[in-house]
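K.L.:
Take this structure, written in C-alpha coordinates, and hold onto it; I'll ask about it next.
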Amino acid sequence: MIISSTTDFREAARRQLPRFLFDYIDGGAYAERTLARNVSDLADISLRQRVLKDVSRVSTRTTLFGVEQTLPVALAPVGLTGMYARRGEVQAARAAAAKGVPFCLSTVSVCDLAEVSRASSAPIWFQLYMLRDRGFMRDLLARAADAGATALVFTVDMPVPGARYRDAHSGMTGPNAAMRRLVQAVFKPGWAWDVGVMGRPHTLGNVAPVLGENTGLEDFMGWLGANFDPSIQWKDLDWIRDQWKGPLILKGVLDPEDAKAAADIGADGIVVSNHGGRQLDGVLSSARALPDIAEAVGDRLTVLADGGVRSGLDVVRMLALGAKGVLLGRAFVYALAARGGPGVSQLLDLIEKEMRVAMALTGVNTLDQIDRSILAKTDR
(Lines of atoms letter the chains of each structure in order from A and count residues from 1; the text may use other names and numbers.)
(Lines give C-alpha, C1' and ligand atoms only; values in the text may rest on other atoms or scores of the structure.)
Protein backbone atom coordinates (compact mmCIF):
# COMPACT_ATOMS: atom_id res chain seq x y z
CA MET A 1 0.00 0.00 0.00
CA ILE A 2 1.04 3.61 -0.49
CA ILE A 3 2.16 5.22 2.76
CA SER A 4 2.25 9.01 2.97
CA SER A 5 1.12 9.69 6.54
CA THR A 6 0.95 8.25 10.04
CA THR A 7 -2.65 7.28 9.29
CA ASP A 8 -1.34 5.06 6.49
CA PHE A 9 1.26 3.52 8.81
CA ARG A 10 -1.50 2.78 11.33
CA GLU A 11 -3.59 0.98 8.72
CA ALA A 12 -0.57 -1.00 7.52
CA ALA A 13 0.19 -1.99 11.12
CA ARG A 14 -3.41 -3.09 11.66
CA ARG A 15 -3.14 -5.39 8.65
CA GLN A 16 0.21 -6.81 9.77
CA LEU A 17 -0.36 -7.44 13.48
CA PRO A 18 -2.46 -9.90 15.48
CA ARG A 19 -5.35 -8.06 17.06
CA PHE A 20 -4.03 -8.32 20.62
CA LEU A 21 -0.86 -6.44 19.67
CA PHE A 22 -2.54 -3.84 17.50
CA ASP A 23 -5.11 -3.06 20.18
CA TYR A 24 -2.41 -2.93 22.86
CA ILE A 25 -0.60 -0.07 21.11
CA ASP A 26 -3.73 1.54 19.65
CA GLY A 27 -5.94 1.50 22.74
CA GLY A 28 -6.31 3.51 25.91
CA ALA A 29 -7.98 3.44 29.31
CA TYR A 30 -11.68 3.16 30.09
CA ALA A 31 -13.80 4.66 27.26
CA GLU A 32 -10.68 6.12 25.59
CA ARG A 33 -11.99 9.70 25.68
CA THR A 34 -8.62 11.19 26.64
CA LEU A 35 -6.94 9.07 23.97
CA ALA A 36 -9.25 10.59 21.37
CA ARG A 37 -8.90 14.13 22.72
CA ASN A 38 -5.11 13.93 22.59
CA VAL A 39 -5.45 13.73 18.82
CA SER A 40 -8.47 15.98 18.27
CA ASP A 41 -7.45 18.82 20.60
CA LEU A 42 -4.03 19.06 18.98
CA ALA A 43 -5.47 18.87 15.48
CA ASP A 44 -7.90 21.68 16.33
CA ILE A 45 -5.07 24.14 17.07
CA SER A 46 -5.08 26.76 14.29
CA LEU A 47 -1.93 28.46 13.03
CA ARG A 48 -1.43 31.86 11.41
CA GLN A 49 -0.39 31.56 7.78
CA ARG A 50 2.07 34.33 6.90
CA VAL A 51 3.16 35.42 3.42
CA LEU A 52 6.06 37.25 1.78
CA LYS A 53 8.51 36.19 4.49
CA ASP A 54 12.04 35.05 3.67
CA VAL A 55 11.84 31.36 4.59
CA SER A 56 14.80 30.20 2.53
CA ARG A 57 16.79 29.01 5.57
CA VAL A 58 14.35 26.77 7.43
CA SER A 59 16.13 24.58 9.97
CA THR A 60 14.66 21.96 12.31
CA ARG A 61 17.85 21.52 14.34
CA THR A 62 17.85 21.94 18.10
CA THR A 63 19.75 21.02 21.25
CA LEU A 64 18.19 18.99 24.05
CA PHE A 65 20.05 18.28 27.28
CA GLY A 66 23.32 19.43 25.76
CA VAL A 67 23.12 17.26 22.64
CA GLU A 68 22.48 18.67 19.17
CA GLN A 69 19.88 16.83 17.10
CA THR A 70 18.30 17.19 13.69
CA LEU A 71 14.70 17.35 14.89
CA PRO A 72 13.04 18.38 18.18
CA VAL A 73 11.73 14.84 18.63
CA ALA A 74 12.66 11.62 20.39
CA LEU A 75 11.22 8.13 20.07
CA ALA A 76 9.25 7.57 23.26
CA PRO A 77 9.67 4.56 25.56
CA VAL A 78 7.09 1.98 24.48
CA GLY A 79 6.79 -1.36 26.23
CA LEU A 80 7.07 -4.57 24.20
CA THR A 81 8.33 -2.76 21.11
CA GLY A 82 10.21 -5.94 20.21
CA MET A 83 6.89 -7.71 19.66
CA TYR A 84 5.95 -5.36 16.80
CA ALA A 85 8.93 -6.22 14.60
CA ARG A 86 11.86 -8.59 14.91
CA ARG A 87 14.09 -7.19 17.68
CA GLY A 88 12.02 -4.04 17.33
CA GLU A 89 13.90 -1.90 19.84
CA VAL A 90 17.15 -2.51 17.95
CA GLN A 91 15.59 -1.55 14.61
CA ALA A 92 14.00 1.60 16.03
CA ALA A 93 17.18 2.68 17.82
CA ARG A 94 19.20 2.31 14.62
CA ALA A 95 16.68 4.39 12.67
CA ALA A 96 16.68 7.11 15.33
CA ALA A 97 20.48 7.23 15.44
CA ALA A 98 20.68 7.47 11.65
CA LYS A 99 18.31 10.45 11.73
CA GLY A 100 20.07 12.14 14.62
CA VAL A 101 17.32 11.93 17.25
CA PRO A 102 17.21 10.07 20.59
CA PHE A 103 15.65 6.66 21.13
CA CYS A 104 14.34 5.97 24.63
CA LEU A 105 14.35 2.32 25.72
CA SER A 106 11.53 1.16 27.99
CA THR A 107 12.10 -0.81 31.17
CA VAL A 108 9.69 -3.39 29.70
CA SER A 109 11.50 -3.80 26.40
CA VAL A 110 12.07 -7.14 24.70
CA CYS A 111 15.68 -6.25 23.84
CA ASP A 112 17.84 -5.34 26.81
CA LEU A 113 20.03 -2.31 27.37
CA ALA A 114 23.24 -3.97 26.24
CA GLU A 115 21.77 -5.31 22.98
CA VAL A 116 20.24 -1.97 22.00
CA SER A 117 23.33 0.00 22.97
CA ARG A 118 25.60 -2.28 20.93
CA ALA A 119 23.36 -1.96 17.88
CA SER A 120 22.92 1.82 17.97
CA SER A 121 25.50 4.21 16.58
CA ALA A 122 24.39 6.90 19.05
CA PRO A 123 23.70 7.01 22.80
CA ILE A 124 20.19 6.15 23.94
CA TRP A 125 17.87 7.37 26.69
CA PHE A 126 16.46 4.94 29.26
CA GLN A 127 13.03 4.92 30.90
CA LEU A 128 12.44 3.65 34.43
CA TYR A 129 9.46 3.00 36.70
CA MET A 130 9.61 3.26 40.49
CA LEU A 131 9.47 -0.35 41.68
CA ARG A 132 9.33 -1.87 45.14
CA ASP A 133 12.60 -3.74 44.56
CA ARG A 134 15.14 -0.95 45.02
CA GLY A 135 18.03 -3.36 44.57
CA PHE A 136 16.77 -4.24 41.10
CA MET A 137 16.34 -0.55 40.29
CA ARG A 138 19.87 0.20 41.46
CA ASP A 139 21.21 -2.59 39.26
CA LEU A 140 19.15 -1.41 36.29
CA LEU A 141 20.41 2.16 36.63
CA ALA A 142 23.98 0.90 36.78
CA ARG A 143 23.40 -1.14 33.63
CA ALA A 144 21.92 1.92 31.92
CA ALA A 145 25.02 3.93 32.77
CA ASP A 146 27.29 1.11 31.59
CA ALA A 147 25.34 0.98 28.31
CA GLY A 148 26.05 4.68 27.76
CA ALA A 149 22.50 5.98 28.29
CA THR A 150 22.71 9.76 28.37
CA ALA A 151 19.35 10.61 30.00
CA LEU A 152 16.93 8.93 32.39
CA VAL A 153 13.21 9.27 31.69
CA PHE A 154 11.48 8.48 34.98
CA THR A 155 7.78 7.68 34.62
CA VAL A 156 5.77 9.25 37.45
CA ASP A 157 2.16 8.68 36.33
CA MET A 158 2.01 4.92 36.92
CA PRO A 159 1.76 4.09 40.62
CA VAL A 160 -0.79 1.53 39.42
CA PRO A 161 -1.65 0.39 35.87
CA GLY A 162 -4.64 2.00 34.18
CA ALA A 163 -7.87 0.15 33.38
CA ARG A 164 -7.44 -0.79 29.74
CA TYR A 165 -10.64 -2.56 28.77
CA ARG A 166 -9.69 -3.14 25.15
CA ASP A 167 -6.92 -5.53 26.23
CA ALA A 168 -9.44 -7.96 27.73
CA HIS A 169 -11.43 -8.05 24.50
CA SER A 170 -8.39 -8.45 22.26
CA GLY A 171 -6.70 -11.32 24.09
CA MET A 172 -3.83 -9.43 25.64
CA THR A 173 -5.48 -10.24 28.98
CA GLY A 174 -8.70 -11.94 30.04
CA PRO A 175 -10.07 -15.49 29.79
CA ASN A 176 -8.16 -17.94 27.57
CA ALA A 177 -5.82 -15.13 26.55
CA ALA A 178 -2.92 -17.38 25.48
CA MET A 179 -5.13 -19.50 23.22
CA ARG A 180 -6.78 -16.43 21.71
CA ARG A 181 -3.38 -14.91 20.93
CA LEU A 182 -2.22 -18.14 19.31
CA VAL A 183 -5.27 -18.30 17.06
CA GLN A 184 -4.79 -14.67 16.03
CA ALA A 185 -1.13 -15.31 15.19
CA VAL A 186 -2.08 -18.17 12.86
CA PHE A 187 -3.97 -15.68 10.70
CA LYS A 188 -1.00 -13.28 10.57
CA PRO A 189 1.69 -15.57 9.11
CA GLY A 190 4.05 -12.73 8.21
CA TRP A 191 4.18 -11.53 11.79
CA ALA A 192 4.21 -15.08 13.17
CA TRP A 193 7.37 -15.92 11.22
CA ASP A 194 9.22 -12.60 11.46
CA VAL A 195 8.54 -11.93 15.14
CA GLY A 196 6.99 -15.06 16.59
CA VAL A 197 9.74 -17.37 15.31
CA MET A 198 12.73 -15.28 14.20
CA GLY A 199 12.30 -12.59 16.86
CA ARG A 200 12.93 -14.83 19.84
CA PRO A 201 13.57 -14.73 22.74
CA HIS A 202 10.27 -13.13 23.79
CA THR A 203 11.34 -11.98 27.24
CA LEU A 204 11.57 -8.66 29.00
CA GLY A 205 15.28 -8.33 28.46
CA ASN A 206 15.93 -5.85 31.26
CA VAL A 207 14.08 -8.00 33.80
CA ALA A 208 15.50 -11.37 32.72
CA PRO A 209 18.51 -11.17 35.09
CA VAL A 210 16.04 -11.26 38.00
CA LEU A 211 13.53 -13.88 36.84
CA GLY A 212 15.62 -15.90 34.40
CA GLU A 213 15.77 -16.18 30.62
CA ASN A 214 13.22 -19.01 30.43
CA THR A 215 10.45 -17.15 32.23
CA GLY A 216 7.34 -16.64 30.11
CA LEU A 217 6.25 -13.17 29.00
CA GLU A 218 3.06 -13.32 31.09
CA ASP A 219 5.11 -14.14 34.20
CA PHE A 220 7.42 -11.23 33.45
CA MET A 221 4.46 -8.86 33.14
CA GLY A 222 2.87 -10.27 36.29
CA TRP A 223 6.06 -9.69 38.27
CA LEU A 224 6.32 -6.14 36.97
CA GLY A 225 2.69 -5.32 37.77
CA ALA A 226 3.13 -6.59 41.31
CA ASN A 227 6.25 -4.45 41.73
CA PHE A 228 4.83 -1.03 40.87
CA ASP A 229 5.22 1.12 43.96
CA PRO A 230 2.10 3.19 44.79
CA SER A 231 3.80 4.73 47.82
CA ILE A 232 6.21 6.86 45.75
CA GLN A 233 6.44 10.54 46.75
CA TRP A 234 8.52 13.54 45.69
CA LYS A 235 11.08 12.80 48.40
CA ASP A 236 11.82 9.44 46.76
CA LEU A 237 13.33 11.25 43.81
CA ASP A 238 16.30 12.10 46.00
CA TRP A 239 17.13 8.39 45.90
CA ILE A 240 16.94 8.42 42.10
CA ARG A 241 19.25 11.43 41.99
CA ASP A 242 21.76 9.60 44.17
CA GLN A 243 21.81 6.69 41.72
CA TRP A 244 21.74 8.66 38.46
CA LYS A 245 24.10 11.53 37.64
CA GLY A 246 22.90 12.42 34.13
CA PRO A 247 19.87 14.42 32.98
CA LEU A 248 16.67 13.40 34.78
CA ILE A 249 13.37 13.80 32.91
CA LEU A 250 10.05 13.19 34.68
CA LYS A 251 7.44 11.75 32.33
CA GLY A 252 3.74 12.01 33.07
CA VAL A 253 3.33 15.56 34.43
CA LEU A 254 -0.09 17.06 33.69
CA ASP A 255 -0.56 19.75 36.36
CA PRO A 256 1.30 23.07 36.76
CA GLU A 257 1.82 22.49 40.49
CA ASP A 258 3.52 19.17 39.78
CA ALA A 259 5.63 20.81 37.10
CA LYS A 260 6.82 23.42 39.60
CA ALA A 261 7.56 20.66 42.11
CA ALA A 262 9.66 18.90 39.47
CA ALA A 263 11.67 22.08 39.00
CA ASP A 264 12.02 22.48 42.76
CA ILE A 265 13.62 19.03 43.18
CA GLY A 266 16.08 19.74 40.37
CA ALA A 267 14.68 17.72 37.49
CA ASP A 268 16.29 18.64 34.19
CA GLY A 269 13.11 18.14 32.20
CA ILE A 270 9.50 16.98 32.23
CA VAL A 271 7.26 15.34 29.68
CA VAL A 272 3.75 16.77 29.66
CA SER A 273 1.89 13.52 29.17
CA ASN A 274 -1.17 11.51 30.14
CA HIS A 275 0.55 8.25 29.16
CA GLY A 276 -1.10 8.36 25.75
CA GLY A 277 -4.55 8.19 27.35
CA ARG A 278 -3.65 4.82 28.85
CA GLN A 279 -3.85 5.69 32.55
CA LEU A 280 -6.71 7.93 33.74
CA ASP A 281 -9.45 8.62 31.22
CA GLY A 282 -11.06 12.04 31.52
CA VAL A 283 -7.91 14.03 32.26
CA LEU A 284 -6.77 16.91 30.07
CA SER A 285 -5.23 16.22 26.71
CA SER A 286 -1.55 17.03 26.53
CA ALA A 287 -2.23 19.92 24.15
CA ARG A 288 -4.65 21.54 26.62
CA ALA A 289 -2.40 20.99 29.64
CA LEU A 290 0.83 22.16 28.01
CA PRO A 291 0.44 25.98 27.86
CA ASP A 292 -0.23 26.44 31.59
CA ILE A 293 2.61 24.10 32.52
CA ALA A 294 5.09 25.82 30.21
CA GLU A 295 4.11 29.19 31.68
CA ALA A 296 4.39 27.88 35.25
CA VAL A 297 7.98 26.65 34.96
CA GLY A 298 9.41 29.03 32.36
CA ASP A 299 13.08 28.23 31.77
CA ARG A 300 13.61 26.36 35.04
CA LEU A 301 13.63 23.05 33.17
CA THR A 302 13.13 21.67 29.66
CA VAL A 303 9.49 21.01 28.80
CA LEU A 304 8.79 18.12 26.44
CA ALA A 305 5.37 16.77 25.47
CA ASP A 306 3.71 13.74 23.95
CA GLY A 307 0.18 12.61 23.17
CA GLY A 308 -1.68 12.81 19.87
CA VAL A 309 1.31 13.79 17.73
CA ARG A 310 0.73 12.30 14.30
CA SER A 311 2.63 14.66 11.98
CA GLY A 312 5.33 17.27 11.70
CA LEU A 313 2.55 19.84 11.76
CA ASP A 314 1.55 18.49 15.18
CA VAL A 315 5.16 18.86 16.33
CA VAL A 316 5.06 22.53 15.35
CA ARG A 317 1.77 22.94 17.22
CA MET A 318 3.30 21.46 20.38
CA LEU A 319 6.30 23.78 20.10
CA ALA A 320 3.99 26.76 19.69
CA LEU A 321 2.12 25.71 22.84
CA GLY A 322 5.35 25.78 24.84
CA ALA A 323 7.23 22.51 24.38
CA LYS A 324 10.92 22.42 23.49
CA GLY A 325 10.66 18.91 22.10
CA VAL A 326 8.16 16.14 21.41
CA LEU A 327 8.14 12.40 22.05
CA LEU A 328 6.69 10.12 19.36
CA GLY A 329 5.13 6.91 20.69
CA ARG A 330 2.32 5.26 18.75
CA ALA A 331 3.41 6.86 15.49
CA PHE A 332 6.82 5.18 15.44
CA VAL A 333 5.41 1.81 16.55
CA TYR A 334 2.88 1.88 13.71
CA ALA A 335 5.75 2.55 11.30
CA LEU A 336 7.91 -0.15 12.86
CA ALA A 337 5.14 -2.75 12.65
CA ALA A 338 4.38 -1.80 9.06
CA ARG A 339 7.91 -1.69 7.61
CA GLY A 340 10.47 -2.35 10.33
CA GLY A 341 13.41 0.00 10.79
CA PRO A 342 13.02 1.46 7.27
CA GLY A 343 9.46 2.39 8.23
CA VAL A 344 10.71 4.34 11.24
CA SER A 345 13.23 6.11 9.02
CA GLN A 346 10.47 6.94 6.54
CA LEU A 347 8.31 8.32 9.36
CA LEU A 348 11.10 10.56 10.68
CA ASP A 349 11.78 11.87 7.17
CA LEU A 350 8.07 12.58 6.83
CA ILE A 351 7.99 14.41 10.17
CA GLU A 352 10.90 16.59 9.06
CA LYS A 353 9.30 17.38 5.70
CA GLU A 354 5.99 18.30 7.33
CA MET A 355 7.76 20.47 9.89
CA ARG A 356 9.63 22.36 7.20
CA VAL A 357 6.43 23.03 5.27
CA ALA A 358 4.59 24.21 8.40
CA MET A 359 7.48 26.47 9.42
CA ALA A 360 7.76 28.03 5.97
CA LEU A 361 4.04 28.71 5.73
CA THR A 362 3.93 30.29 9.19
CA GLY A 363 6.90 32.48 8.31
CA VAL A 364 9.61 31.07 10.61
CA ASN A 365 13.08 29.74 9.86
CA THR A 366 14.25 28.37 13.21
CA LEU A 367 12.66 26.59 16.14
CA ASP A 368 13.29 29.49 18.53
CA GLN A 369 10.95 31.57 16.37
CA ILE A 370 8.09 29.16 17.07
CA ASP A 371 5.97 30.44 19.95
CA ARG A 372 2.37 31.37 20.66
CA SER A 373 2.59 34.25 18.18
CA ILE A 374 2.20 31.77 15.31
CA LEU A 375 -1.13 30.58 16.72
CA ALA A 376 -4.44 32.03 15.60
CA LYS A 377 -5.89 34.37 18.24
CA THR A 378 -8.54 31.84 19.25
CA ASP A 379 -5.82 29.36 20.29
CA ARG A 380 -3.28 31.66 22.00
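Cβ atoms here come from the backbone N, Cα and C positions, even for glycine.
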K.L.:
Which of Arg86, Arg87, Arg241, Arg278 does Swiss-Prot put in the same substrate site as Tyr24, Tyr129, Arg164?
P.N.:
Arg278
K.L.:
Over the domain 'FMN hydroxy acid dehydrogenase' (1-380), work out the mean pLDDT and round it to an integer.
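P.N.:
Averaged over the domain 'FMN hydroxy acid dehydrogenase' (1-380), the predicted model reaches a pLDDT of 95.
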K.L.:
Counting every protein chain present, what is the number of Cβ atoms, excluding its own, within 10 Å of the Cβ of Ser106 (FMN binding site)?
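P.N.:
That number is 22.
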K.L.:
Which residues does Met318 (FMN binding site) neighbour through Cβ under 8 Å, counting only same-chain ones at least six apart?
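P.N.:
In sequence order, the residues whose Cβ lies under 8 Å from that of Met318 (FMN binding site) (at least 6 apart) are Leu42, Ser286, Ala287, Leu290, Ala305, Val309, Val326.
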K.L.:
Let me check the 10 A CB neighbour count of Tyr129 (substrate binding site). How many other CB atoms are there?
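P.N.:
For Tyr129 (substrate binding site), the count of other Cβ atoms within 10 Å is 20.
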K.L.:
Cα-Cα, whole number of Å: Arg310 (FMN binding site) versus His275 (active site, proton acceptor)?
P.N.:
15
K.L.:
Note down the number of other Cβ atoms within 10 Å of the Cβ of Arg330 (FMN binding site), including every protein chain shown.
P.N.:
25
K.L.:
Under DSSP, is Val326 (FMN binding site) part of a helix or a strand, or is it coil?
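P.N.:
The three-state answer is strand.
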